[in-house]
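Engineer: Annotations per TrEMBL:
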type     : residues : note
REGION   : 1-26     : region 'Disordered'
COMPBIAS : 54-69    : compositional bias 'Polar residues'
REGION   : 54-96    : region 'Disordered'
COMPBIAS : 82-96    : compositional bias 'Polar residues'
Amino acid sequence: TDGGQTWSSSFTPVEGSNTVSVRQTDVAGNTSGATTVSFVLDTQVAAPTVSLQADTGVSGTDGITNNGALSVGGTETGATVEYSTDGGQTWSSSFT
């Protein structure tokens, strides 16, 4: 994990890009060449944004509207986006 300076039997990958090289040493003391694997560890996702498409109230920022359409942003490609109207008790992915 440090360019071949140190070798150990286990490691803890970090969030994001990781490169790991492995090699072996036999009982006679011969050391093989290294084989390398690179991967991205992705264990976190940011919360999407949601806002009114049109705040038609007096101030434009008062959260009062006659148009209930929402804009959702900040979603990852391929992610499933769900919504809840009961404080997170149930979730639906059907948008109309």
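One-based numbering along the chain as shown.
Using the three backbone atoms N, Cα and C, a Cβ is placed for every residue, glycine included.
Heads up, TrEMBL stuff is auto-annotated, nobody curated it.
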Engineer: Could you tell me what the rest of the chain brings near the region 'Disordered' (54-96), counting residues at least six beyond its ends with Cβ under 8 Å?
Structural biologist: 45-48
Engineer: What are the DSSP helix, strand and coil residue counts for the compositional bias 'Polar residues' (82-96)?
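Structural biologist: Counting residues per DSSP class in the compositional bias 'Polar residues' (82-96), I get 0 helix, 2 strand, 13 coil.
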Engineer: For the compositional bias 'Polar residues' (54-69), jot down how many residues DSSP puts in helix, in strand and in coil.
Structural biologist: 0 helix, 0 strand, 16 coil
